[in-house]
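See structure below.
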Amino acid sequence: MTKQTEYKRKPEWLKIKLNTNENYTGLKKMMRSKNLHTVCEEAKCPNIHECWAVRKTATFMILGAVCTRACRFCAVKTGLPTELDLQEPERVADSVVQMGLKHVVITAVARDDLKDGGAAVFAETVRAVRRKNPFTSIEVLPSDMGGVEENLKMLMDAKPDILNHNIETVRRLSDRVRARAKYERSLEFLRRAKEMQPDIPTKSSIMVGLGETREDLIEAMDDLRANNVDILTLGQYLQPSKKHLPVLKYYPPAEFAELKEIALSKGFSHCEAGPLVRSSYHADEQVRSAKEKTAEAK
């Protein structure tokens, strides 16, 4: 049996028990009523039922639901985006109140059609959530916003509790996996964020199963640490449709455990690694862990 045939079917550890209790259905109705989007739905996250039904958490996706890029791993719609909705920040903030969230993740589609990459609306969303939810920690997950330093500064000046920007894959595969984004530009984005606000933890995520080697992954970890990234998440890539890149390998849980140990040995303050781990998975626990370790270091 060839390796390709061996990984044709999803293994047992990727089978998910669906839970659509009243929390799940209630959150879904609320999102629709407020004309809000979540990356949980748009990117077909495998953890949506756990997060919505059990943990009652969600990751808001602002700046519309249409992305200007067409990364070959991503299920989010691509094309010409809609006009900016300047009332969106307040609706997100109101939803955080209604959901009673202790930690919220705010992400966005890439808006290469905008000079600021959507930074102004992103920053205002952070401020709106902070005004109405002063005890809620806020994590932001932006695109590289064109690599423009002023755009990043606008966002960092809003003082999120954590800055997350994903390199998504290893250096060797980056151009094939996300042609409109650049590996080095993402590293620079993360480095600049830390330079602008040294006390704000930074975070990044890598998908596995796209053809990377163990050496590729170790190189990516070293690159992130060299740019002072604090938190790393590692998860299994799952093909959203036949139009997207195929899965070349399904990593077993034991291999994720090995990768986590390697990451922690590199100096990451926290590493979340597992088949169903996504960038926002258990994000509240990640930011708490990072802050505790930062306090200990002082």
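Positions of Cβ are set from backbone N, Cα and C atoms, glycine also.
The structure displayed is predicted, hence computed values, not measured ones.
According to Swiss-Prot, the protein has these features:
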- CYS40, CYS45, CYS51, SER280: [4Fe-4S] cluster 1 binding site (BINDING)
- CYS67, CYS71, CYS74: [4Fe-4S] cluster 2 binding site (BINDING)
- 53-269: domain 'Radical SAM core' (DOMAIN)
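Projection of Swiss-Prot feature records onto the structure.
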{"residue": "CYS67", "record": "[4Fe-4S] cluster 2 binding site", "Cβ within 10 Å": "23"}
{"residue": "CYS71", "record": "[4Fe-4S] cluster 2 binding site", "Cβ within 10 Å": "19"}
{"residue": "CYS74", "record": "[4Fe-4S] cluster 2 binding site", "Cβ within 10 Å": "22"}
{"residue": "SER280", "record": "[4Fe-4S] cluster 1 binding site", "Cβ within 10 Å": "29"}
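When the binding-site residues CYS67, CYS71, CYS74 are ranked by how far their Cα is from the Cα of SER280 ([4Fe-4S] cluster 1 binding site), CYS74 comes first. According to its DSSP assignment, CYS67 ([4Fe-4S] cluster 2 binding site) is in a strand.
Averaged across the domain 'Radical SAM core' (53-269), pLDDT in this predicted model comes to 93. The secondary structure of SER280 ([4Fe-4S] cluster 1 binding site), as reduced to three states from DSSP, is coil rather than helix or strand. Using the Cβ center of CYS67, CYS71, CYS74 for [4Fe-4S] cluster 2, the list of other same-chain residues with Cβ within 8 Å runs, in sequence order, ARG69, ALA70, PHE73, ALA75, VAL76, THR78, VAL109, ALA110, ARG178.
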